[in-house]
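For reference, the structure discussed in these notes is given below.
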Amino acid sequence: MTERMILKVDHTGIDKPLLWTAILLALAGLVMVSSASLQIAETRLGDPFYYAMRHGIYLALGLGVGAFVYYAVPLALLERLRFVMLPVALVALVMVFIPGLGRTVNGSTRWIALPGLTIQASEIVKLCFVLYLAGYVAQRKAALETEWKAFLLPLGLLGVLMLLLLLEPDFGAVVVLGITAMGMLFLSGVPTLRFLLIGLIAVALGGLVAFAEPYRVARLMTFTDPWADQFGSGYQLTQSLIAFGRGHWFGVGLGNSVQKLFYLPEAHTDFVYAVMSEELGLLGNVALIGGFILLGWRVFRIGHRLEARGLLYHAYLVYGCAFVFCSQAFINLGVNMGLLPTKGLTLPFISYGGSSLLISAVMVGLILRAGAEADHLKARGRAAR
């Protein structure tokens, strides 16, 4: 690669609070996955550290991939390749429906099974769509503020991706993708009235989707009163709430959770936050939420600074990553606490899952790269004067 392809950046200007927040969240995730998965790993696989070791490997790979993205992937190259991102996302979604490639877990076909590797298609879709939409907004920002066509085009493409996600089904990914897209378009300056109209349509369609499948209706009914069927459809949520109740202020101690002993399903994946709350109590609970608030604030701050400097692609790429992190964390935490219906979403950096951890690491690398490139360009401008 030439120097033009790899833009030199000032690595001393890296956003250290963001970097360390992401690292600490990932390390906390490793600890909690290790604790929450001991019994289930020993029972299912005969090795209590199976999931912990795999998660550690994913974390190491994530650090390596994130570092590579930060040091060696110029955002100008990604901006030029933005039109490739949608075909990549579509291919990933179609692959889950190919016999022999798609893997079904708990009734959902969301994974691509490759030799020695399983990839969750929706994680690829989130990243690819953010990369595409950031480039679209950077090129069409003025048109987005005035033209319906410019606003509806990305929504139409989004609808295709959502349809394929619903066929898996993966309603949680649909919600995250929708929030991310609408958030990025809103920040681009699309008039509020258009959002209200689209919002009404989205709510109506969301209602139809929610009531089209019996299992979604059951989830909604369970969400309103999980104790009405605590040994049936409300079992997972009631066990999660029991975990929160047992935690009190300071928890029962790391490794001492009772709910992870086959009472709480998905204790090391979607509901690891409940186990964390049981073992570390309200103190650990608040610390984790504070970590995500700090992460979101730093990322949005970087995006705002980039937009103020006129680096629109950089800014909206960062905004998109921020919406993915914040919406997914908010939904997962809300589901664990019984504030939202069950969605089947992992908690970024914390839950067990290689695809989620790797894509999160890539996004952090892109965010840090965007900030570093902006600092380099600013310093080069001062030197030129």
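Each position is counted from 1, following the chain as shown.
Placement of Cβ uses the backbone N, Cα and C atoms for every residue, glycine included.
The transmembrane segment annotation in Swiss-Prot covers 18-38 (among others) and is backed by sequence analysis. Note on the transmembrane segment (18-38): residues 48-52, 55-56, 59, 62-63, 254-255, 257, 260, 267-268, 272, 275-276, 279, 288, 291-292, 294-295, 298-299, 302, 347-352, 357, 360-361, 364, 367-368 of its chain, located 6 or more positions outside it, place their CB under 8 angstroms from a CB of the stretch.
What Swiss-Prot lists as transmembrane segment is 57-77 (among others), and the listing cites sequence analysis.
Taken from Swiss-Prot, the feature transmembrane segment applies to 81-101 (among others).
The transmembrane segment annotation in Swiss-Prot covers 111-131 (among others), and the record cites sequence analysis as its basis. Residues 78, 81-82, 85-86, 88-89, 92-93, 95-96, 100-103, 105, 158, 161, 165, 168, 170, 173, 176-177, 180-181, 184, 317, 320-321, 324, 353-356, 358-359, 362-363 of the same chain, all 6+ positions outside the transmembrane segment (111-131), place their C-beta atoms under 8 angstroms from a C-beta of that stretch.
The annotation transmembrane segment is assigned in Swiss-Prot to 157-177 (among others). Here the transmembrane segment (157-177) has Cβ contacts under 8 Å with residues 86, 89-90, 93-94, 96-97, 108-110, 121-122, 125-126, 129, 132, 209-210, 213, 216, 324, 327-328, 331, 343-345 of the same chain, all six or more residues outside its ends.
For the transmembrane segment (195-215), the residues of the chain that approach it from at least six positions outside its boundaries are 107, 155, 166, 169, 171, 174, 178, 182, 185-186, judged by C-beta separation under 8 angstroms. Residues annotated as transmembrane segment in Swiss-Prot, with sequence analysis given as evidence: 195-215 (among others).
The transmembrane segment annotation in Swiss-Prot covers 280-300 (among others). Counting only same-chain residues 6+ beyond the ends of the transmembrane segment (280-300), those with a CB under 8 A from a CB of the stretch are 15, 17-18, 21-22, 24-25, 28, 244, 247-252, 254, 273, 318-319, 321-322, 325-326, 329, 333, 350, 367.
Long-range contacts of the transmembrane segment (311-331) within the same chain: residues 75, 78-79, 126, 129-131, 133-135, 137-138, 141, 172, 175-176, 179-180, 183-184, 187-188, 292, 295-296, 299-300, 302-304, 340, 343, 345-348, 360, 363-364, 366-367, 370-371, 373-374, 377, each at least 6 residues beyond the stretch ends and with a Cβ under 8 Å from a Cβ of the stretch. Sequence annotations record features per position, and here Swiss-Prot assigns transmembrane segment to 311-331 (among others).
According to Swiss-Prot, the transmembrane segment annotation covers 347-367 (among others), on the basis of sequence analysis.
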